[in-house]
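Asks: Structure provided below as structure tokens; questions to follow.
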């Protein structure tokens, strides 16, 4: 809020007179003021620091800077800013996000590691200047590190994982997605020193083979979350080892791992009863047989991405409707064998009335308005995707909305092709083509 006083615009932090601020400082003890300041975000703290010398000291006290997220300022953050923050915060800092801060490199992060040895959560996602030298610094100075995000730090190699293994034994969550220089040797070194890992994100680590998963399965019994999206060399052999060694697994993403078969679904059903999230988009070898075993054994499933699992039929939906009462999000896009009958079972199933929130049916050519009728009873349904479902009509969507007025329906209806010109010589285009 700003006011105009004698033609001069002032922020609310500049509206205190010296006497006002003096009264506050006199009435409230320093400890209480510090406690109040501890609830303020970075921007507000910086504004408070400009009110007076006393408030400058309070606002910039290291105890107020235990959690810092600089994502909103990513374009402006350079190495010297991180160095200054680390010197001011010191041992108080527990959580820092530098996500997207392209100007931050190894030298600044070495200073940070030296000064902030109690750091527990650090995000360097997208900090592309970061190399193995940073992980060496973290290993040397930050033994309390629990969560580390290095996604898209493409210079990271096996040396980083070896360093983390040696110096960060408390590590529970590591994201090295798109660090495509990492191989099975790096994973082997990591898990031998960080056996308490609970979440491992390996999306786009295209050099990883089954051998890497065998190391994880053998050394990470606490693993809860594993993301292997587009790890194209992974097969049943490696993932079965994960299932047998990581019984606490709750979330698995294997989307794009096109080599896997029903053997994985059987292994999950037999070994991972706590599974809540399964993403297997574009895994075209999976069938109803595997999903039947999965559904009958994993009753806590909440989210399933089955996009382009082209062999599944209504049989899978029948099993999910019977055995998975907690299902909230289901993607069936490009599952072209799904029909209205499968949606009918889902709409009458255990999850329908209170749980199901999102269903995606893009490019399901056999789906008609009858499916929308079956989904009317899903009172928690928030969103439905119907792109390129050519038998769905506007009238069917309108009827669905009368029962579920707050639902978001994403659909597309091709514009009508304009009539030919009188002379008949003009080429006909649909409206989309004309616009383009």
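Glycine too: its Cβ is placed from the backbone N, Cα and C atoms.
According to Swiss-Prot, the record shows the following:
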type    : residues : note
DOMAIN  : 22-68    : domain 'F-box'
REPEAT  : 74-100   : repeat 'LRR 1'
REPEAT  : 101-126  : repeat 'LRR 2'
REPEAT  : 127-152  : repeat 'LRR 3'
REPEAT  : 153-178  : repeat 'LRR 4'
REPEAT  : 179-204  : repeat 'LRR 5'
REPEAT  : 231-256  : repeat 'LRR 7'
REPEAT  : 257-282  : repeat 'LRR 8'
REPEAT  : 283-308  : repeat 'LRR 9'
REPEAT  : 309-334  : repeat 'LRR 10'
REPEAT  : 335-363  : repeat 'LRR 11'
REPEAT  : 364-388  : repeat 'LRR 12'
REPEAT  : 389-414  : repeat 'LRR 13'
MOD_RES : 417      : phosphothreonine
MOD_RES : 421      : phosphoserine
Asks: Give residue numbers and ranges for long-range contacts of the repeat 'LRR 4' (153-178): same chain, 6 or more residues beyond its ends, CB-CB under 8 A.
Replies: 124-128, 130-132, 134-136, 138-140, 142-147, 185-187, 189-194, 196-205, 225, 227
Asks: Over the repeat 'LRR 10' (309-334), what does the predicted model average in pLDDT?
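Replies: Taking every residue of the repeat 'LRR 10' (309-334) together, the mean pLDDT is 98.
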Asks: Report, as numbers and ranges, which residues of the same chain sit near the repeat 'LRR 10' (309-334): CB under 8 Å and 6 or more residues beyond its ends.
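Replies: Same-chain contacts beyond the ends: 276, 280-281, 283-288, 291-292, 295-296, 298-303, 341-343, 345-346, 348-352, 355-364, 380, 385.
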Asks: In terms of Cβ proximity under 8 Å, which residues at least six beyond the ends of the repeat 'LRR 2' (101-126) contact it?
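Replies: Residues packing against the repeat 'LRR 2' (101-126) from afar: 70, 74-75, 77-80, 82-83, 85-87, 89-95, 133-134, 137-138, 140-153, 175.
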Asks: Quick check on the repeat 'LRR 10' (309-334): DSSP residue counts for helix, strand, coil, in that order please.
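Replies: Residue counts in helix, strand and coil order: 10 helix, 3 strand, 13 coil.
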Asks: Report, as numbers and ranges, every residue of the chain located at least six residues beyond the repeat 'LRR 9' (283-308) whose Cβ falls under 8 Å of a Cβ in that stretch; write 'none' if there are none.
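Replies: Same-chain residues near the repeat 'LRR 9' (283-308) but 6 or more away: 254-266, 268-270, 272-277, 315-316, 319-320, 322-335, 360.
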Asks: Taking residues 6+ outside the repeat 'LRR 11' (335-363), which of them lie with a CB under 8 Å of any CB in it?
Replies: 306-318, 320-322, 324-329, 370-371, 374-389
Asks: Excluding the flanking five residues on each side, which residues at least 6 beyond the ends of the repeat 'LRR 8' (257-282) place their CB within less than 8 Å of a CB in that stretch?
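Replies: That would be 228-236, 239-240, 243-244, 246-251, 289-291, 293-294, 296-309, 326, 331.
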